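So the structure is just underneath, and the comments pick up after that.
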Ligand code: SAM
Ligand code: SF4
């Protein structure tokens, strides 16, 4: 697999760990004697990986086992990302590789799913002749019919965006699972319209999933040995559900009997079991409430970690990004986290370097915001113009690539420094760690995470994944804590 990834330049020199969306995941082998085999490769964010689990569940009912080897697949799906241009280029490079494979196996079906399918729709069939099937993120229930259509010799497309679909009743097949941590999708779409972002166009309007189906999924995971769930959404703080309507825009206009907000949902999931850790992502600075922070404080099993993307530290840039908060507002939210939860709460961010018209002084504001917050971690990008977005329509992408890259490297350097500083604070302290498995480097060591989402590595002794242990941290790098179990 490593070879394949290198071939398609996903791990090219300039893409390092800070770029979340460069990640690719591949389905695992599952042999339950089904007639046909599905290979699914997923790009981009955790939401996409989560969607691939829903897709696998739907396809399993249609007579497909999954495979990790595309050479033995009857159907290949690429679940794609459109967030930056490079993500789309990666998928196109991959499709041209599959084109070669298909020359020897013309019966093999190739489908493009997710954001790129939604953005390009049937145009993708014209541009990429190897593709048989194009399916947007709200149309996965239609996959059996679409696959049948291709079996009958036609091309198939469904990119209909729904206002209600949450796949609440579909029990995902866990792919790439460590059996300890799992992701639960709690909402879909986004109503925010940040000017740089393609997501509102590719994933549609915001809707929240039935909280009782979320709690049921968390309970089932716990019963099956899982000990941590991460609740996923583009803007979890804006989660809102009522028994009458789940679409946020409609809900806000309707008279409804009962509304469950994100703080209520967090509490419901935290109560599933004290040994089930609860995490969530992503929080939006404009929506995160003190009520959520107090709920985190109240339950020991809700982890002290918040991914709170700032994007920029300058108020004018934030305004043209349409983020709807100022630098001061953002700082007030960080102060609230420190006041209510404390200094040890992990905070991470996403940052964009070189957005349209950004000056050197405005870039410096991003660095000084970083100095103020001292993030534990950040995903950092340079601006990539996306067709159809508000920014593409309104502003010129006027910062030269070399300047974008230089500003990005300054942001990355600052983050490295802060990650190291934050990790050094943890040395000499005991951390409660949930063991996730062996460390990547050695089977004599285990690794897990502390509440603040930091990776901790320690000698395994007789312990196993899924257990909680107390680890005294004795040294660190910017990325990792090291120590020994103390009980
Ligand atoms: N909903 C999340 C939020 O608002 O924080 C983020 C979702 S987006 C999938 C992940 C990150 O990609 C964003 O936070 C932003 O930093 C980055 N991103 C989105 N559009 C981008 C663009 N056009 N160029 C560069 N980075 C972009
Ligand atoms: Fe994109 Fe903004 Fe929505 Fe995040 S909140 S998905 S950045 S539009």
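Keep in mind that glycine also has a Cβ here, set from the backbone N, Cα and C atoms.
What TrEMBL says about this protein:
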- 45, 81, 115: [4Fe-4S] cluster 1 binding site (BINDING)
- 190, 194, 197: [4Fe-4S] cluster 2 binding site (BINDING)
- 36-152: domain 'MTTase N-terminal' (DOMAIN)
- 176-421: domain 'Radical SAM core' (DOMAIN)
- 424-487: domain 'TRAM' (DOMAIN)
Taking a cut-off of under 6 Å between Cβ and any atom of ligand 2, tell me which of the binding-site residues 45, 81, 115, 194, 197 pass.
194, 197
So what's the average pLDDT for the domain 'TRAM' (424-487)?
97
List the Cα distance (Å, whole number) between residue 81 ([4Fe-4S] cluster 1 binding site) and residue 194 ([4Fe-4S] cluster 2 binding site).
17
Out of 45, 81, 190, 194, 197, which has the highest number of nearby Cβ atoms, where nearby means within 10 Å of its Cβ, if these are the binding-site residues?
81
What count of other C-beta atoms do you get within 10 angstroms of the C-beta of residue 115 ([4Fe-4S] cluster 1 binding site), across all chains shown?
29
By DSSP, what is the split of the domain 'TRAM' (424-487) into helix, strand and coil residues?
3 helix, 34 strand, 27 coil
Secondary structure content, the domain 'MTTase N-terminal' (36-152) (per DSSP, counts of residues):
62 helix, 26 strand, 29 coil
Whose Cβ lies within 8 Å of the mean position of the Cβ atoms of 190, 194, 197, the [4Fe-4S] cluster 2 site, other than those residues?
192, 193, 196, 198, 199, 200, 234
Alpha-carbon spacing, residue 45 ([4Fe-4S] cluster 1 binding site) to residue 197 ([4Fe-4S] cluster 2 binding site), which is rounded to whole Å:
14
Express the distance between the Cα positions of residue 190 ([4Fe-4S] cluster 2 binding site) and residue 115 ([4Fe-4S] cluster 1 binding site) as a whole number of Å.
13
